[in-house]
Amino acid sequence: MTSYKVKLTNEKEGIDVEINCPNDQYILDAAEEQGIDLPYSCRAGACSTCAGKLISGTVDQSDQSFLDDEQIKEGFVLTCVAYPTSNCTILTHQEEALY
């Protein structure tokens, strides 16, 4: 099993932490296991509560059903259904930025 370093950051929320996340675990789940409190609601990729923005790196969020192609191209990611596929940095708490 491969594990990646995922940096979660949001200056306004006081978050600047790096977690280890296996490539078969959702980023939200890994963050919670490591004591990081991130927003979530459905945990199924069907809403935008957990939205973040990918600053660097790559993720697999093929399980999501909410974001459109343009939002994905802009780097938005649903942490509840995103697996890291490389080391990455995610700006958290980005639900409002979607609209």
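A Cβ is built for glycine as well, from the same backbone N, Cα and C atoms used for every other residue.
Computed from a predicted structure; not experimentally measured.
The annotation domain '2Fe-2S ferredoxin-type' is assigned in Swiss-Prot to 4-96 on the grounds of sequence analysis.
Remark: C50 ([2Fe-2S] cluster binding site) has L28, L38, P39, Y40, S41, R43, L78, T79, C80, E95 as non-local neighbours, by Cβ distance under 8 Å and separation of at least 6 in sequence. The [2Fe-2S] cluster binding site annotation in Swiss-Prot covers C42, C47, C50, C80.
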Key: Output field, [2Fe-2S] cluster shell: CB within 8 Å of site CB centroid, site C42, C47, C50, C80 dropped   = Y40, S41, R43, A44, G45, A46, S48, T49, F66, L78, V81
Query = In sequence order, which same-chain residues at least six apart have a C-beta under 8 angstroms from C42 ([2Fe-2S] cluster binding site)?
reply = T49, C80
